[in-house]
Amino acid sequence: IIMEYGFQVADYVVCGLVIMTSIGIGLYHACSGGRQSTTLEYHLGNRNLQVIPVMLSLMVTSQSSILLIGVPAEVYIYGIMPLFGAVGFSLAYLLSSRIIIPLIHPMKITSVNEYFECRYKTRHVRFFMTFLGAFFWVLYLGIITYGLATAIESVIGVPVWISIIAVSGSSMIYVSLGGIKAVVWTDVFQYCIMMTAVLAVLIKGSIFAGGGTNVANVNIEARRLQSFEFRVDPTIRYTVWNAVIGGTFKLIAFPMTQSAVQRIGCMPTIKDAYRMYYLIAPFIFATFVLSGAQGFVAYAFFDKLRCDPIESRMIKNANQIIPHMVVRLFYHLPGLSGVFIAGLFCATMSTISSGYSALSAMTLEDFVKIRFKSITEFQATVVSKITVVIFSVITTAMAFLMANVKGTLLQLASVLLSIPMAPYTGIFLYSIFCSWATSLGAIIGGVVSLLFYIWLSMGQTFTQPPNLTVRLPPAPTDMCPAPLNGSFLYDPYINNASTTSVPDISIPYQPEGVEKFYAMSFQWFDMLVIAITILIASIASLIIGRPKQDDVDVRYMLSFTDQFLPFLPKKVKNWISFGSTIGERRAKLIDEEKRKREQQEILIEKSNSSSEQIKSINSAETEYESKTKISEDKV
């Protein structure tokens, strides 16, 4: 089947309207309310935003274009196993709600790194964590911007550099103008567009392939729906264990990042913050699965066309598989291709805008306000807006750099983003749960684990050891068209050979020595590095000298057993906690604060009651005097 396809006028109009609407939301919030004149309003929305919009904003921040094109690409190549990452994503938010919310919300902080200064009474760990956080956001925004640009290039032929500048510039405009309110409400709008695009692809693609039942049958025949892997071999790319357990540790960093802390700070009460995290878990699970299901639809689509675009070299990499399908699928329905590309724009801009806001808040709180303590609210707000512009330039440069890195978008993000975030998460957990933690131990553990991760990722990149999991059989290529004007690379053997046979999906390979580390699946990297961070930091703290239990401020710590194992007997919990009394002391402190609040409420009620009585007496006296005067006037 030979099809001519491309982007039409209606598609350009849809994309343009989406971008202009996003900018318009930023302009509206720049001119409404307090006009973003204070840092409290600019970064935290005056701590009075609604749960559902903020929940959707946080959710799309952690998804981006990786979800729309990276996850389906992995499903297209490896089958159902990548979808188990949805379980890890949901568990990450549910578990982190027991960690981050009870600590951060009562502190009323703007930057997450302020916590570390309160915890250790020094700024060294705070600055180190600020560096890791900023490093993460610059990498993350560069990767997703590059992902969008490659998708746009495959669909309409727009050069990568134009797409990068367009999406970065648009996000920079509405974030710098409207602050966190613009980010949140733009994210809500963009999530609706993004899900509309996903549903349109699933519905229309299934209809084209012969219905949902036929899509399932085609993928079953190609081993994509029954390729469950339960082996515990760490070198297998996807197993149930590394997708769920490893995925949870890989993704638990997102609910602890600066953007998440800002969303927690936007909530009026701690109950609202909990509600937000509990709602994210099912929403993010459903969104992840629906987006990944596009990979199954794409395989059935190209199986019916009998032309796999990867095997026939019609596209440059797997990240372009969904955009390539979309323009062919919606060619006779003007505007729908534009909806999908608009969804990609939305998925990317939502994350970029949150990243700009997070970087701006960290720069202000962790550097500017520390250096210039007399800075006014107006000056601080101006600085925040300027830093948004500066970081937009930096992340744009990073996106151009990512254009030279190979691999699917999901793998690229999983490996590179973990370089700063695995040590970041390890230090966070070490600081929260370990009563023996010291600032020097945290830094030593973070540096060692950071260097270890760089060594591990570089070793895997340069040696490229074979992996036990190889891609599943592609769709047939016997009906692929010949190249026109060199529009795609052409291999006569590939284009004339049918690939309907199903090869063995595993190859014998036994790594030895250091290759065992290099051959490890990227799904396990974070769990390993987090464990190394906590272990090295703990050893360093014990060598240096652990602080006394009574000297540890329990307001900035949690008991692991109280948060996750409250049902255990007290003796067992003490044994697991190494005899730590943090949980008991924190419980007493919370009870004391609760009693103080209740006493204050009683005093306020009495004061209000007394005020009402005084007003009643004064009113009665005034009424009596008025009646007396009237009587005198009559006399």
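Just so it is clear, glycine is given a Cβ too, placed from its N, Cα and C backbone atoms.
Quick look at what TrEMBL lists:
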COMPBIAS  606-621  compositional bias 'Polar residues'
COMPBIAS  624-635  compositional bias 'Basic and acidic residues'
REGION    602-635  region 'Disordered'
TRANSMEM  6-28  transmembrane segment
TRANSMEM  49-69  transmembrane segment
TRANSMEM  75-95  transmembrane segment
TRANSMEM  127-149  transmembrane segment
TRANSMEM  155-176  transmembrane segment
TRANSMEM  188-209  transmembrane segment
TRANSMEM  238-256  transmembrane segment
TRANSMEM  277-302  transmembrane segment
TRANSMEM  380-403  transmembrane segment
TRANSMEM  409-430  transmembrane segment
TRANSMEM  437-456  transmembrane segment
TRANSMEM  524-545  transmembrane segment
Which residues, given as numbers and ranges, are at least 6 beyond the ends of the transmembrane segment (524-545) yet have a Cβ under 8 Å from it?
234, 242, 245-246, 249-250, 253, 414-415, 418, 421-423, 425-427, 429-430, 434, 436-438, 440-442, 444-446, 448-449, 452-453, 456-457
Within-chain partners of the transmembrane segment (277-302) [C-beta distance under 8 Å, separation at least 6 from its ends]:
51-52, 55-56, 58-59, 62-63, 67-68, 71-76, 82-83, 85-87, 89-91, 93-94, 96-97, 101, 195, 198-199, 201-202, 205-206, 208-210, 214-216, 218-219, 222, 224-225, 255, 308-309, 321-322, 325, 328-329, 475
Determine which residues of the chain contact the transmembrane segment (188-209) at the Cβ level, with the cut-off under 8 Å and only residues 6 or more beyond its ends counted.
18, 21-22, 25, 53, 56-57, 59-60, 68, 215, 218, 287, 290-291, 293-294, 297-298, 300-301, 303-304, 322, 325-326, 329-330, 333, 336, 339-340, 342-347, 349-350
Tally Cβ pairs under 8 Å between the transmembrane segment (127-149) and each listed stretch (49-69, 75-95, 238-256, 380-403), then give the stretch with the top tally.
380-403
Range from 6-28, 49-69, 380-403, 409-430, 437-456 with most C-beta pairs under 8 A to the transmembrane segment (238-256):
409-430
Do the transmembrane segment (49-69) and the transmembrane segment (437-456) share at least 3 Cβ pairs under 8 Å, sequence separation 6 or more?
no
Which range wins on Cβ pairs under 8 Å with the transmembrane segment (380-403): 75-95, 155-176, 409-430, 437-456?
155-176
Quickly jot the same-chain residues contacting the transmembrane segment (75-95) by Cβ under 8 Å, restricted to those at least six beyond its ends, or write none.
62, 219, 223-229, 237-240, 243-248, 250-252, 254-255, 277-278, 280-282, 284-285, 288-289, 292-296, 298-299, 318, 321, 408, 410, 469, 471-472, 564
